[in-house]
Amino acid sequence: MSDYKHTLNLPETAFPMRGNLAKREPDMLKHWQDLNVYGNLRKQRQGREKFILHDGPPYANGSIHIGHAVNKILKDMIVKSRSFMGYDAPYVPGWDCHGLPIEHKVEQEIGKAGVKVDYKTFRQACRDYATKQIEGQKTDFIRLGVMGEWDKPYLTMDPKVEAGIVRALGKIVAKGHLVRGFKPVYWSVVGQSALAEAEVEYQDKTSTQIDVRFTVVDRDAVLKTFGTSEGEGDVSLVIWTTTPWTIPANQAVSIGADIEYALVQVDVGHGAERMILATDMVQGIMARWGVEDYKVLANAAGSALENQLLHHPVYDKQVPVLLGDHVSLDAGTGAVHTAPDHGMEDFVVGKEYGIGTLNLVKADGTYTDAAGEFAGVHVYKADEPVCAALEREGKLVRSEKFRHSYPHCWRTKTPLIYRATPQWFISMDKLNLRADALEAIKGVRWVPAWGQNRIEAMFEQSPDWCISRQRTWGVPITLFIHKETQELHPNTQELIEKVAQAVETGGIDAWYDIDQNELLGADADQYEKVLDTLDVWFDSGVTHDSVLRVREELGQFPADMYLEGSDQHRGWFQSSLKTSIAMNGVAPYKQVLTHGFTVDAKGYKMSKSLGNVIAPQEVMNELGADILRLWVSATDYSGEMSVSKDILRQTADGYRRIRNTARFLLSNLTGFDPDQHMVAPEDMIALDRWMVDRALQLQNELHEDYGNYAFLRIYQKVYNFCEATLGGFYLDIIKDRQYTTQADSLARRSCQTALYHVAEALVRWIAPILSFTADEIWQHLPGKRGDTVFYETWYEGLTALPEGFELGRDYWREIYAVKEAVNKCLEEVRARGEIKGSLSAEVTLYCEGSLAERLNYLGEELRFVLITSEATVKPVSEAAGVEQTNLEGLLVKVTPATHAKCERCWHHREDVGQNEQYSDLCGRCVTNVEGPGETRAYA
């Protein structure tokens, strides 16, 4: 037996089978950095239409987590895909650098500003801390394969950006949207600062709920309102609250004008008394209290009780009954304890009745001396002493613990309170900001579409935005207010620009160092400098002005896209929209894409206590960044994104299919030079020509999917193309032709031309997702090419089949179905042990009409398509005892091959051994080894 290996075109490539990504990717990163890929791409694309994805800045604190990775990978996939579309798509990453968490970290290291260190030193320490955090995060983002302006990111602590933030404030002031007010705001007693809605998150908390008697002052007048004198004992209006600590600040009780109230005779353990409760809630309240014996004496409308006076349950004072629209029958008693200091609805109803605030709680959460017996007590610890005082006064009806969802600071994770303080607000309604924003929302493309409803609902309910904070590390509110009138300086716009210029060179310290006398001249003594800082959401929210309009490589407003997690509907998307509408009257973005949160395989949130945290750094070090990138693509980002080690292992399996397909393509392009060996479309063998057309069809679909950010569909289509179209059909069929025909024959070069076109297209399709692998493939492709795939646009070498082409798309679609049916039959026979493989079989296909015509069209080459040693087409009338396949109208008979096996091509052919010199070869192989070589027309 001879060895014919040297006569075959065996696959060969230096492209490794194993990705070994964790080791290879860092080398690829260095390669990109050495080439300055991002910088060169910017030069190449200069003058092209821009696509600007504006980066929502992550907070400069801590290591990146899997959510950060999802966000940056999605952005990178979009930016890269737009680059392949021919756009100039720069990406300038940013960081949010000011705010409370950094202050806390620095306080732990060097102590409080103004106590242990001076403010300037403290701010510099904050700047140093943020810089260090940014470097750590930047390293991880780059490791993910994200390309961008990493050497010149935008930082909200950069003096130029800080100056831009100051100027943005000036524009909002100039437009009349800034107001100063004394209102209840979310207040962090830990941070001693106000918080905006976007900085609030809800967590479960154990609280005390209490029912409290407010005894009426004029019992006779109240009984007269109810039209009865029946019953005995005191008459009390009973409230229910989950914040006992606010009772000292109580100034009224609110009821519903249109709610009916019942006068109830009852004994809850303190003797006979009469309670006023919402009629519809009496039964539920009594059940909650465990009281069975009670009697409704009379009923009255809430409106009839307006302005009745009640005894405060703790202090020696009287409080009125008010009518409020916020009173509901969802929970409680139908009467609402009203403390304007500690609730927006309370504040609003109090304002309607001319009731102001008491300011009993200091910034640190302790009561002032005006709170009497509670002076110095912290609100976190006040429930117990307040309940004790109520018990002492005989006003506590019931008290019990319960768990509920409660607002917490999203940075410090500590419970918040509502506290009335003088603050600066952007008014939502003074100049129709709310209405204008709701109108602008309609003109934005929201991906997914439900994002529009979500942000609309938030804007409809959004209170005035409190933008002031009482912090050290933040952009200052650079305003001067008159000491007596509290009005802004008449030259505020001119002053803001002067301050902005100073900040541009000296950073935010310039505001504190500025000479007020020099700036204000003769007015200096009449004005005081505002010492509040801006909400960090304002910092990031105005980057459409301080970064997008200012950075030369961006220079476009509005941005084409904002992309963040779904929590940013109430965060960055909202703050950006509010400021942009206030400044420009238009939305700052044309499209907004949101992605869901990452959860484990069971849908649980990631937490160290559950042990289900997937750290991106670990994934990159074990599996490689491309596996993480592929997982992002293969997951529906519109909802929660499940990730676990098992899920990532499954992703790695999908990766291997794509990599192995690429390796097959590359290994079969050995000896192929596209400049010399490329076959023109009209000269290609029919199957090859169809393959190129199929790739073009898919490329058109993928272009559309990339345009619609449908990354899951892209992954599925590319995977199926590799698995089914290539692996299960085309590559299977062409192996014989590729390996056995003469090296420079049309049969082989046509096949290599198709493989080359497919490889050129595939490497670009996957590059936005599998960036490292794509560039590795790129370096192993034959022919002259640029240094990296990322300089390219979509491949333009794919050609469509001409109209009316006989062996067109429908033809090969039917052949594909036939091959699937035949494969099923072959597998059944192989499983019975009658054949070893498809080449040790002969098949007879029984069919009629057009199907028979189509199969016969291939003639002798039908066996190459079916990968059998013989394939014959016969009429159905001859199919006695042959079973129908799953393809209607086709019956298949499989029999073991009876002829000798060719040692070169492994086909069993009757002409094996007819040539004395090559006694173990079939005639076709003899022709290919020594003769002119075989010719193929179809497959």
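Keep in mind that glycine also has a Cβ here, set from the backbone N, Cα and C atoms.
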Legend entry - Among ranges 58-68, 80-90, 883-893, whichever one Swiss-Prot labels motif ''HIGH' region': 58-68
Inset, instruction - Examine the ranges 450-454, 505-509, 605-609, 910-914 and name the one recorded by Swiss-Prot as motif ''KMSKS' region'. - result: 605-609
Legend entry - Contacting positions for the motif ''KMSKS' region' (605-609) when only residues 6+ beyond its ends and CB under 8 Å are counted: 65-66, 597-599
Inset, instruction - Just jot down the residues in the same chain as C922 (Zn(2+) binding site), at least 6 apart in sequence, with C-beta under 8 A of its C-beta; none if empty. - result: C902, R904, C905, H907, R909, D911, V912
Inset, instruction - Look up E564 (L-isoleucyl-5'-AMP binding site) in the DSSP assignment and report helix, strand or coil. - result: strand
Inset, instruction - Take the Cβ of K608 (ATP binding site) and count every other Cβ within 10 Å, whichever protein chain it belongs to. - result: 7
Legend entry - Distant-in-sequence Cβ neighbours of C925 (Zn(2+) binding site), under 8 Å, six or more positions away: Y4, T740, C902, R904, C905, Y918
Legend entry - Residue among the binding-site residues C902, C905 whose Cβ has the most other Cβ atoms within 10 Å: C902
Inset, instruction - Any same-chain residues 6+ apart from E564 (L-isoleucyl-5'-AMP binding site) with CB under 8 Å of its CB? Would you list them in sequence order, or say none? - result: G56, N71, G571, W572, F573, T594, H595
Inset, instruction - For the motif ''KMSKS' region' (605-609), would you mind checking the mean pLDDT of the predicted model? - result: 79
Legend entry - For C905 (Zn(2+) binding site): DSSP state (helix, strand, coil): coil
